[in-house]
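*Asks:* Let me give you the structure first, and then I'll get to my questions.
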Amino acid sequence: MLERIKESFTESIQTKIDALEALPESIEKGAMAMVHCLLSGNKILCCGNGGSAGDAQHFSSELLNRFETERPSLPAIALTTDSSTLTSIANDYSFSEVFSKQVHALGQRGDILLAISTSGNSQNVIKAMEAAVNRDMTIVALTGNDGGAMAGLLSDNDVEIRVPSHSTPRIQEVHLLVLHSLCDVIDRTLFPQED
Ligand SMILES: O=C(CO)[C@@H](O)[C@H](O)[C@H](O)[C@H](O)COP(=O)(O)O
Ligand SMILES: [Zn+2]
């Protein structure tokens, strides 16, 4: 098993090296879209399934609370956390609508939807994106593989940050780095520090 463990580390490091080549421009574009959204008094809604639900919550908590430095709270909502809402929508309608109904209710023109999926094919995330388009929101999509159906739903104002990998855990590991990088650029742009 030691070899297997070392392989996981090597694969993860290599995926990050590949992402270093592929992603900085799209991360900067996504961060600037978020900065513009926050400066306009808008908010960020975040969604994803499984590990990506955890990522959505991780990111929203870093905006609502703090990242690395002291600064005011920033408005973000994870759509993955209210079990009464999630279970009733899934029970009465369909699991594919658990995020889209919340986007329809909470989303406003100028808000951002942070849509996270390693496959790009999760139906509930796709429907959330459709609801965001309907609400005149901008979409920042974190994907992997070939971007899946999510890639086809994006317009020029939206941003796709697609990790160059076909492995769900490796993609998730880079998604976390991307989210921290987004937080870092947002904080440094909104609250410049001398260092
Ligand atoms: O964390 C993992 C695998 O590393 C899983 O929980 C994974 O997130 C789930 O299978 C998700 O349902 C996958 O959804 P998606 O990334 O394709 O949208
Ligand atoms: Zn995982």
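FYI, residue positions are counted from 1 along the chain as it appears here.
Including glycine, each Cβ sits where the backbone N, Cα and C put it.
What TrEMBL says about a protein is an automatic prediction, not a curated fact.
The following feature annotations were taken from TrEMBL:
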type: BINDING; residues: N49, G50, G51, E62, N91, D92, S117, T118, S119, S122, Q172; note: substrate binding site
type: BINDING; residues: H58, E62, Q172, H180; note: Zn(2+) binding site
type: DOMAIN; residues: 34-195; note: domain 'SIS'
*Asks:* Consider only the binding-site residues N49, G51, E62, S119, H180: which of them have a Cβ under 6 Å from an atom of ligand 2? Write none if no residue does.
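*Replies:* G51, in sequence order.
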*Asks:* Got a sec? Which of N49, H58, E62, H180, the binding-site residues, have CB under 6 Å of any ligand 1 atom?
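*Replies:* If the test is a Cβ under 6 Å from any atom of ligand 1, the answer is N49.
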*Asks:* Using DSSP reduced to three states, classify N49 (substrate binding site) as helix, strand or coil.
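*Replies:* N49 (substrate binding site) sits in coil per DSSP, no helix or strand.
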*Asks:* I'd like the Cβ neighbour count for E62 (Zn(2+) binding site), meaning other Cβ atoms within 10 Å of its Cβ, all protein chains included.
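*Replies:* The answer is 20.
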*Asks:* For the binding-site residues listed here (N49, N91, S119, Q172), which one has the lowest count of neighbouring CB atoms within 10 Å of its own CB?
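*Replies:* Comparing Cβ neighbours within 10 Å for the binding-site residues N49, N91, S119, Q172, N91 has the fewest.
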*Asks:* Distance check, please: Cα of G51 (substrate binding site) against Cα of H180 (Zn(2+) binding site), rounded to an integer number of angstrom.
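*Replies:* Computed Cα spacing between G51 (substrate binding site) and H180 (Zn(2+) binding site) is 16 Å.
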*Asks:* Given the binding-site residues H58, E62, H180, state which is nearest to N49 (substrate binding site) when distance is taken between Cα atoms.
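*Replies:* Checking each of H58, E62, H180 against N49 (substrate binding site), the shortest Cα distance is to H58.
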*Asks:* What number of additional C-beta atoms lies within 10 angstroms of the C-beta atom of H180 (Zn(2+) binding site)?
*Replies:* 15
